[in-house]
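Participant: Here it is: the structure, laid out below.
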Amino acid sequence: MATTVDTAPAPTDPLPEPETRGGSLFHQLFGDNVRQFGMLGALVVIVLFFQWWTGGTMLTSDNMMNLLNGNSYILVLAIGMVMVIIAGHIDLSVGSVAAFVGIVVAKSITNGGIPWWAGILLGLAVGLLVGMWQGFWVAYVGIPAFIVTLAGMLIFRGANQFVGNSNSIPVPEELQTIGGGYLPEVGPDTGYNNLTVLLGLLACAAVVLGLWRSRRTAVRMESEVDPLWVTVVKMVALCAVILYITYMFATGREGTSFPIPGLILVVLVLVYGFITSRTVLGRHVYAVGGNRQAAELSGVKSRKINFLVIMNMSLLAAVAAIMFIGRSTASGPFDGTNWELDAIAAVFIGGAAVSGGVGTVAGSMVGGLVMAVLNSGLQLKGIGADATYMTKGLVLLAAVALDVWNKKQGRFSIIGALINRGSSREPSTATSNG
Amino acid sequence: MQQPGATSKDDAAYLLRMHAITKRFPGVRALDNVNLDVREGEIHAICGENGAGKSTLMKVLSGVYPHGTYDGDIVYRGQPAAFKNIRESEAEGIVIIHQELALIPELSITENIFLGNEPTRRGAIDWRRAKAQAKELLLRVGLREDPDTAIKNIGVGKQQLVEIAKALSKDVQLLILDEPTAALNESDSEHLLGLIADLRAKGITSILISHKLNEIESIADSITILRDGHTIETLDVGAGGVDEDRIIKGMVGRTLESRFPDHTPNIGEVFFEVQDWTVRHPQIAERLVCKSESFSVRRGEIVGFAGLMGAGRTELARSVFGRSYGTYVSGRIIKDGKEIRLHNVSQAIDAGLGYLTEDRKSLGLNLLDDIKATTVAAGLKKIANRTVVDRREEHSVAERYRRLLRTKAPSVDEGVAKLSGGNQQKVVLSKWMFTDPDLLILDEPTRGIDVGAKYEIYGIIQALADQGKGVIVISSELPELLGLSDRIYTIFEGRVTGELTREEADQERLIRLMTTAPATQRAGSTPA
């Protein structure tokens, strides 16, 4: 009888009781998983480094707006991509799908004469259909997503050039506002952009409320509870960061404020962060990616999940496409080139696992911002595209290598735990429900 | 009768002597002072229940467990042997053919025979010579197939012959066959056993591990019986007096310790019935894994499913559980007097079924999850307000089950990957208890779990039955089934071969029913 003896307690062992956290100041502030904040810390360090290196041009209103405007469509893609990767797939077609949707929207409005909002709806519908097409092959026929989306990459690039005759088509003003506009001035003249200030204050309130609620929940569930002062310090620190960012966006050049694409991004992050971390659907996505067979034997309909995840990716590619053509004021035959690579890099830097089951929306946003800040900082210093590509490649490799190395050490993955899903310490999930 | 460890002076008569082999795994002795003496040119069978130590012993012999990781001596062809890996034992002519065939389906017979051992000429593979040799080898094993045929295009029986041809190509002296006929039909089995007897005539010694006692009785010259990591005895078939009964007696001689909590069953009406259940293998369309099986479960009853590994117990359970295995052919499920049709797992869960898998790590758990997420994984609907998971509820549910089952973990936020086997099993049990099923199927619920945790899990199973649920326990450990079950079905090659009440059941009867085709047996089937 080959029984393995494990360390299970004798039936009479006392049940372990929940512990209260103590220890050093640092430990109390950051908790047991100091590494959790690894990539977020790295982002802060990179920002500060460029702030110093560029002599203060990194954190100016102008540059921050550029950063957000110029990267929000990639970050939107990363939201969809992280779900695809959590479920254990990959999507190589997002750039081409976005290009196809973009040209359809531009042509239908500019040449077809339909109203701009109808063009947007048409674009989203096309994205949805493309997603259903690809989801069908992946989920119900069982072709690996790598192959299906590689095919999609070719098909929809060709479709873009077919629809647009390989030409660029301009888009109307309304779309340009969505892709590159700012929150309007309303209310009394305070010297700040009122809507931006309002957003910042709302975010602060959400953070405070969220942290407080999760603390109360923790107390009620008798799980680990931070000392009160730790919670307060966290609230103050987070609010300070938010207010600083708000100040920068509210005091930019005349006519600028918080960018509309940024607003779209924030809404999508909140919605999808909530879906992935708090809903049954989200649980099922993680379950399918973590162990498909175990998920199926627990009643998860894995084919449905795979279909939805792949379909959703193309829908978000359509959103990204509309934001992008608005910003660049036209849709062209080479839009979306290499977008899939940027999105995938953001997701992996953000702590997702190639084997699936691991990853968060918030982590992917951090990963995307690391890449964006690098890009922007190197540009500000006038570094050429050659060195920028090499730097970004090395950063991607280093981030994932560090993660792999940490796993091999038998410790919990740095980045995997970065923003542990379901963790009560994570501000963005707290606000999403606040 | 050859006494184990008897100091015979003429080592020359023995091809292999393994003496006082002890192999420890953390916390357990898989082999304890085991002796095995194999004479030159004989067929030596090794018998024992699952987990008796047969495979471990063969792994020691072949160097899978290298010399130095076990105690005891191996003398092979009169020389002390200290194999560090399989290559070294193969170089000495010891070849194992595993139950799971190690052939590559897409490659041809020739390529498989010479895989890793390709005849070369000036650095390039000499395919002409390889093919010629392959033809010759196929002739020796009596397989009339073109050596260019891909493995996937020949049946399992022929694949076994290719494995033997491969062994012959390595100049095999001692051929070890692990359950060679488990997957074969009668005529293929007969051919294979005939071939092994042929090889014996040509001086090749074989060690045969098999659960099919009639085969062993008919072909083996000696039989060594293992039980719980000990050598029980070695029987000399030539001396006479050895039959199936004699072998079974040696295999089961264990005394039942008091390893089960006291329990007075409170059994009600039949509420769950499966009738004429027939299921096809998921890949091999012509193979039926369940052949018109029927069984029933009463409220408050613990029903055991006894059978050897591969007999179709798991396949039966999983196909009933929302068709999660194989292709449904025919059969009916009746619950509470009404026929129900379960097309997928979530329907099965909704209908009040639960199935705890035998393979905890690869089928039962998402090792990336924590305790609380695992506990609610099959019952998310119960804690979700439409679509949103109530995390407070999740936490309190998980905490409740942690306390109820005494799962040892610092908190329910702990990752399941960090738990011991027994505690992982408790978490999986809580997952199914939380769905509150009427019928819970437990597939090898105590596999890989230490004795203390087993006792606790038995107690949980009995408590579930006392709540009026039906529980099916599938187990390869007969003492466990005998200690736990109110009624036991035996399964052999996809058929229910018997049904024994607690009073009727004993190990000998079970083993007989588990190893015999239904046509030739009728003892003990007394449906109550």
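Please read every residue number as a count from 1 along the shown chain.
Cβ atoms here come from the backbone N, Cα and C positions, even for glycine.
Reproduced below are the annotations present in TrEMBL:
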TRANSMEM  A:34-53  transmembrane segment
TRANSMEM  A:73-106  transmembrane segment
TRANSMEM  A:112-130  transmembrane segment
TRANSMEM  A:137-156  transmembrane segment
TRANSMEM  A:192-212  transmembrane segment
TRANSMEM  A:232-250  transmembrane segment
TRANSMEM  A:256-275  transmembrane segment
TRANSMEM  A:305-325  transmembrane segment
TRANSMEM  A:345-374  transmembrane segment
Participant: How about the transmembrane segment (A:192-212) and the transmembrane segment (A:256-275): at least 3 CB pairs under 8 Å, pairs 6 or more apart in sequence, or not?
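Facilitator: Yes; at least 3 Cβ pairs under 8 Å.
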Participant: Does the transmembrane segment (A:305-325) come near the transmembrane segment (A:256-275), with 3+ Cβ pairs under 8 Å (pairs 6 or more apart)?
Facilitator: yes
Participant: Short question: most Cβ pairs under 8 Å with the transmembrane segment (A:232-250), which of A:112-130, A:137-156, A:256-275, A:345-374?
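Facilitator: It is A:256-275 that shares the most Cβ pairs under 8 Å with the transmembrane segment (A:232-250).
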Participant: Going along the chain, which residues at least six beyond the ends of the transmembrane segment (A:112-130) come within the CB cut-off of under 8 Å?
Facilitator: 97, 100-102, 104-106, 152, 156, 172, 174-175, 178, 311, 314-319, 321-322
Participant: Can you work out which residues elsewhere in the same chain, 6+ from the ends of the transmembrane segment (A:137-156), have a Cβ less than 8 Å from its Cβ atoms?
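Facilitator: Cβ under 8 Å, 6 or more out: 84, 89-97, 99-100, 130, 303-307, 310, 340.
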